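Enquirer: One structure is given below, represented as structure tokens, and several questions about it will come after.
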Amino acid sequence: MEPSDSASTAMEEPDSLEVLVKTLDSQTRTFIVGAQMNVKEFKEHIAASVSIPSEKQRLIYQGRVLQDDKKLQEYNVGGKVIHLVERAPPQTQLPSGASSGTGSASATHGGAPLPGTRGPGASVHDRNANSYVMVGTFNLPSDGSAVDVHINMEQAPIQSEPRVRLVMAQHMIRDIQTLLSRMECRGGTQAQASQPPPQTPQTVASETVALNSQTSEPVESEAPPREPMESEEMEERPPTQTPELAPSGPAPAGPAPAGPAPAPETNAPNHPSPAEHVEVLQELQRLQRRLQPFLQRYCEVLGAAATTDYNNNHEGREEDQRLINLVGESLRLLGNTFVALSDLRCNLACAPPRHLHVVRPMSHYTTPMVLQQAAIPIQINVGTTVTMTGNGARPPPAPGAEAATPGSAQATSLPPSSTTVDSSTEGAPPPGPAPPPASSHPRVIRISHQSVEPVVMMHMNIQDSGAQPGGVPSAPTGPLGPPGHGQTLGQQVPGFPTAPTRVVIARPTPPQARPSHPGGPPVSGALQGAGLGTNTSLAQMVSGLVGQLLMQPVLVAQGTPGMAQAQAQAQAQAQAQAQAPAPAPAPAPAPATASASAGTTNTATTAGPAPGGPAQPPPPQPSAADLQFSQLLGNLLGPAGPGAGGPGMASPTITVAMPGVPAFLQGMTDFLQASQTAPPPPPPPPPPPPAPEQQSTPPPGSPSGGTASPGGLGPESLPPEFFTSVVQGVLSSLLGSLGARAGSSESIAAFIQRLSGSSNIFEPGADGALGFFGALLSLLCQNFSMVDVVMLLHGHFQPLQRLQPQLRSFFHQHYLGGQEPTPSNIRMATHTLITGLEEYVRESFSLVQVQPGVDIIRTNLEFLQEQFNSIAAHVLHCTDSGFGARLLELCNQGLFECLALNLHCLGGQQMELAAVINGRIRRMSRGVNPSLVSWLTTMMGLRLQVVLEHMPVGPDAILRYVRRVGDPPQTLPEEPMEVQGAERTSPEPQRENASPAPGTTAEEAMSRGPPPAPEGGSRDEQDGASADAEPWAAAVPPEWVPIIQQDIQSQRKVKPQPPLSDAYLSGMPAKRRKTMQGEGPQLLLSEAVSRAAKAAGARPLTSPESLSRDLEAPEVQESYRQQLRSDIQKRLQEDPNYSPQRFPNAHRAFADDP
């Protein structure tokens, strides 16, 4: 019995029940079933409609799970809503990978609605099609119609990239065998192809490919590119066909899991043996022999194709066209298989048993290996569920027509609260008009972020980025989704090889489409003038953006093709700053092209040119070494991938990588770098924070950049206005629950203050914003909005250029104290500032083992002085448009050199360096939720490992900074010390006039005393405080000056108490006051004796009343007071911390009576 729409009403018969079933995608379906049907039969009845097998269904009604053996009537569910969820997978076995429903993709590919959907044209997406996925595994269908990724946040086992290469090769061998079988048995194929799409059961056979922390390449060729005149559905393969694999081919079609995938239980990588490689190569040879006769016929057809007349030979034309398509697809798969296997090597110098290893990751190659994959970083917060569903652009079979129109975008139904991106490109025009149901539907990739808020989902449609001449555009087919759902809009532009890209954001409340670009009409307009690279750039930009917003940004790897190493930037501290007032310099920018989850998945989105060959043509190399270093430090998203315009534009790709994959980042070096001739534009320019932060948290100057001149972005880049509108749309959607206004330019400081309810988080002198670096953080947070930061992350440095005057003024006032920015003054201020960090450096390295003979304190201080001197000189002197680019380069270079320097000083022990970093994080995060601190330290350890493995700074570059014990002091600080002494002569005479004590006592106490909190690192600010406080400083003894200054700064750190509270009235927190009660000596002897007797459990010999009267006698009480005073006097005399000058009235209370 077919289900009807939830809005429909059906006449209920006495022996029937109307049951409403609501699934997790918020769709409600109505079923009319017999009253005597039991729950198991009901599950089987609805399985086809909900695309969930009956054995995996769990029906819940009023908090109870319906039992299979009971009847529906017993639960009284008539007319009620039952919730349907999927049963959790078994945790003790490998996934079977063969449980997809029959309707998961048929609506998408056929264009006709299935019964039970909520509107015509809506597609039925099985959220968990192709079964579940265990830790670190992907279930991939045999035809590429859907890919669902469920990522378990637990630690994934270590597996082998060579093993994945073999699995990929075996999958492609299986596909080649299927194509050969179709060519050899044409009859069955024709019968299959003659069925119309809506009636074709979409039975998806899954394969399980184990991808783990060593995997760097995506499983490709599950959705191969389409020929514009392909008459048949290439990937539609019956699951009953058994591939003719060799005995080593452990990837049979159907539910059997892929054999070579190692079990997730193992902790060591299961590398394949060379014998397995040989077996796969032998199978390839057999396939080549089978393909040879068809290849000869293929050559004959192509040789005569230019002049052959098919006017009266429709059957011959279809046969030849079919042969061309199938042989061409076979050649593509065969070539990809050889490419996948060509990087497998065996090192004969190793001791047996030897295994295979990979010399070049798949990301090294451009589009032939990773074509038609959307650039989606999978970002996961702890506890989130991420589902990536990729629906390949698959032309459905048609009875006699060879028409597939890749230009039309299929309207797709999305769940509520979805962030939708439709990026569809046009292909070649079809030979004739084709009906909308025969259109080629775009690849759909969804990423759900489930948290307390409703699901935030990113939905991106990307079709073939084939650079073909613009064809006749076709309108979207069918209505744009049912009410209440996000709409997927795909507009085509005649004459453009790439269609414009649309970003539509919808919230759970009344959804409204939000066009992402300001230049065109609101919804139906077309983006003009964004350049040929818009599709790729926007796909990558939105991918990285949504990923960063859903989680912590972590790493980037880029470089020129000639470089051997790639840059990897560690995690930024922006999120920690937003959640706790930490004294970091700025909400550090994070990369857009690579991001990682909580120790599970590291996803990099890349784009490169799409030439016909398998290798990327080398772009022009910069001539200068500093230019190469600039490029190495970062190229994120400025312009699109290819350096030259024209049809050969980049294709969005997806590369699935895991933390700690050396080959991945090395391949990214070659793969990411397109034509660049100028230093990259930067993100925010925070100077280095205090030393421990410089070594620990890499916030100061995260990777970023683009391929643009310092004056602006290149002609192929996205306009800043367009970029801003996209960012505002996504931010408004994701931050709407926090009260953010749409299109708001609210600063980060105002945003955090509004959320925290406190008005002094970023005010000068408030908690977490003291000292030079705290004031710098306050400046950046007050001037940067969320949109500005995200734009900076993606290489649009306009916000940074806008902040240049404020930064220069800030450095002039807070750094130089109003003096002229001469080299001597800058050196003096740098020395004063960095010297104040000595206690922090000493504290940070107090618990780790430093390399023998190395003076770690001097090494860090002198290194930071040199680096910060360059940064400050640049900020104070640079006035041209290259301000931001050079500043970013200085910050990045200083950061990497700092990490490399300290790693060298710690004897190359990464664990020691991680201990320094995590210790600093814990000290900075006092009072923060311990689980958050633990997560931060864990994430930092993972990121640090990746960064250190691919450090772009070699040991030779930092040896000049190493200081040994006994080395002569550096001569540079002498001048600052002299100037510093001259500067301080002004307040000293006043103090000498006010007190006979030496005038240097206060300065000595200040230099020897512990610096107050992170803010105390700024000694020039302390000097300023002394100068500003001259009136009271002259009126008190000089030794009181540092004590009063410390008290002032300590009082500023204390958060204000609510007015007129108990704590306010009593002068101390209520909890502390309660714990203090009863402590200290009792002034009444009777009370003291009573408490002592009670504590000891003693009982008086006489009555308590008689004892009390005796103790209250005046002479006894006076003797007690004298004894108490004597004890206190003795305690004060023996206390080294007691000073009569600090407590001038103490003698009145405790001295003998006059």
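A Cβ is built for glycine as well, from the same backbone N, Cα and C atoms used for every other residue.
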Enquirer: Where does the phosphoserine label fall among SER702, SER995, going by Swiss-Prot?
Expert: SER995
Enquirer: Could you tell me which of the ranges 40-70, 133-163, 815-845, 1032-1062 is annotated in Swiss-Prot as region 'Required for interaction with GET4'?
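Expert: It is 1032-1062 that Swiss-Prot annotates as region 'Required for interaction with GET4'.
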Enquirer: Within 10 angstroms of the C-beta of SER1139 (phosphoserine), what count of other C-beta atoms is obtained when all protein chains are considered?
Expert: 12
Enquirer: Around SER1103 (phosphoserine), how many other CB atoms lie within 10 A of its CB?
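Expert: SER1103 (phosphoserine): 9 neighbouring Cβ atoms within 10 Å.
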Enquirer: Give me the Cα-Cα distance between SER1103 (phosphoserine) and SER1139 (phosphoserine), rounded to a whole Å.
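Expert: Their Cα atoms are separated by 46 Å.
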